[in-house]
Amino acid sequence: MALRPEKPVWMSQEQYDRQYGKLEEPKPPREESKPGDQAKPSAEPKSGSEEKTEGSSSSTGQGEERPHFKIQKRRHQNYDLEERKKKQQLNKLREEQLKQHDIEMAANKVVNVDQIVREHYNERTFHAKRYNRNYSPIIKLRNFNNAIKYMLIDKYTRPRDVVLELGCGKGGDLRKYGACEISQFIGIDISNESIREAQRRYLNMRDLDYQVILITGDCFGESLGVAVQPFPECRFPCDVVSTQFCLHYAFETEEKARRAILNVSKSLKVGGFFFGTIPDAEFIRYKLNKFSKEVERPSWGNSIYKVVFANNSYQLNDYEFETPYGNMYTYWLEDAIDNVPEYVIPFETLRNLCDEYGMELEMQKPFNKFFVEEIPQWMNKFSPRLREGLQRSDGKYGVEGDEKEAASYFYTVFAFRKVKDYVENAPAHA
């Protein structure tokens, strides 16, 4: 016999019956036949359906039928589903609160941002395996970013080059380098899950004919020698060093930024190129200049992305950054980045560091300008699928709507050429 739980006080009887089924009224017990009753006319015969229903009822064995309930399983399952959704939402809220706590700790220099970044990209790698990229709400933005990287990589990479990519992620650029016919690719990333996924992708790319070495390691916080020492097959110095959408993590401190650029310089041949994609500090300043000094945490964005600064120190310092390093904001990008701490890269600071470590500026342009200048010669090189993915609603190529600000305006491309080896100051002799 199915039992119904006790009705909560906040639930109406109608809701309760709808959720757990309505209790049928029990039928009166059959009266035993008596000798004097035999003369009474018999009742009308039951219909076949009524007989079937009665026959299916369970009996107590004493002539009394048990009551039974119409349990509405589908509604009960819906109730369980709602409960699971509530628990998932609660767990997600707790995770976001913990993450926000970590971000605040990073802003106050209590914890290193590397841990937050590593955990984020490990988690994103896990979720990325479970859905089709083509259904992403930012598929146009992803196509645009891929086109930018195709053009940038092709511009500075030559056949038989040895390539080092710092922050290689899940290996999304392996095919781009394959088109350049390089001889070796060395990819390093702080996320062990991203490296594992990059290895899986590489094994499925049977048409790549160059050597691929994938390493888990810290590209910015320590010497690259620590990460690459177990891999003697790496052919240093390299012809190309690339950093795509990750160098901003190095500008947490001056020490970290210097270590990152020193790693680049030491890994690169004289005449080789260092190129990449970074947030455009001028666009960020343009946005920050719109806020008054009373706004404690300046923020802006749209349905695709959002930027939130940890404080209003820029405004309070007469609309200038107090220091080139440690200017933190959290960045959210739909279906890609979940409020991860990033740091402003004042481009003149990057240029000065590169100059100090033996590299001269070759090119720096916002995404939109670089795309407009390079796209005419690329339309016949892109695959039909990518060309279709770049087409806007007006028939032109690029990004539009909310995606335009998040991609075309927020980022810039750069390239430096190494002109001399950096020689560290030798210790003074007594």
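One-based numbering along the chain as shown.
Quick reminder: no glycine exception, Cβ is built from N, Cα and C everywhere.
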Key: Per Swiss-Prot, Lys149, Asp189, Asp218, Gln244, Tyr249 bind S-adenosyl-L-methionine; matching candidate in Gly167, Gly171, Gly271   = Gly167
Rounded inter-Cα distance in Å - Asp218 (S-adenosyl-L-methionine binding site), Tyr411 (site 'mRNA cap binding') = 23
When distances run from the Cα of Lys176 (site 'mRNA cap binding') to each of the recorded positions Asn146, Asp189, Gln244, His248, Tyr249, the nearest one = Asn146
Query = So of all those recorded positions, Asp189, Arg201, Gln244, His248, Glu342, which one's Cα sits nearest to Asn146 (mRNA binding site)?
reply = Gln244
Request  = Spatially speaking, which of the binding-site residues Asn145, Lys149, Asp189, Gln244, Tyr249 is closest to Lys170 (site 'mRNA cap binding')? Use C-alpha to C-alpha, please.
outcome  = Asp189
